[in-house]
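Participant: Look at Swiss-Prot and you will find 1-91 tagged as domain 'B12-binding N-terminal', backed by sequence analysis. Here Swiss-Prot flags 92-214 as domain 'B12-binding'. Summarising the annotation, Swiss-Prot assigns methylcob(III)alamin binding site to H105 and lists similarity to another entry as the type of evidence.
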Amino acid sequence: MATKEELIQELSDSIISCKKDAVLAAVEKAKQVMEPAEIIENGLAAGMNQVGVLFERGKLFLPHVMMAADAMTAGVKVLEADMPAGAATKKLGVIVNGTVEGDVHDIGKSIVSTMLQSAGFEVHDIGRDVPIKNFVEKAKEVNANMIGISALMTTTLQGQREVIELLKEEGLRSRVKVMVGGAPATQAWADKIGADCYAENASEAVAKAKELLL
């Protein structure tokens, strides 16, 4: 019988291999001894984070990243089916998540969306290169409690501030929390623009969202 550490490694490696079959096989094995949230967080998401690092270093290319993301989604779907009915139906909150206009990076934000969803939040992922007004319009449409704004470049960081300003103009700021993230974002930046929180990675995003919304 494989140890938990070995199973976690196998899950992570299966994501990096970009092979859906390998991911599903690893998930089936891990399910026997691990909770779904742990499989996603410590295994699949860790692998996806590694894929992101390899992509940034030019060791993997976009098609690999897309295949790895598809494989992860397939693994998460299997686990969602196994989660207790209550976990699937009881929504902790409604979150709109996207990457700001001018920024085509998607990996980190997608991992955050997947992790938030698996933690029990209703997540509306509006993609990448999203115009400022779309964040606010979507939040209104789905009656969101929180907006997650990712920016991966210093040039697009300003978009996070603009979303907050627009929320204020629309009179929504008091009821919609704002979480910012992405490589150039910091806690100091979040404080400066008046965001409710900053999350360095997907696990932290889940913890902060629970802190703010529960």
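In case you wondered, yes, glycine gets a Cβ from its N, Cα and C as well.
Any idea what these are sitting next to in the structure?
Facilitator: Summarised by DSSP class, the composition of the domain 'B12-binding' (92-214) is 54 helix, 24 strand, 45 coil.
All protein chains considered, the CB of H105 (methylcob(III)alamin binding site) has 20 other CB atoms within 10 Å.
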Participant: Per-residue pLDDT averaged over the domain 'B12-binding N-terminal' (1-91) comes to what?
Facilitator: 86
Participant: What does DSSP give as the helix, strand and coil breakdown of the domain 'B12-binding N-terminal' (1-91)?
Facilitator: 72 helix, 0 strand, 19 coil
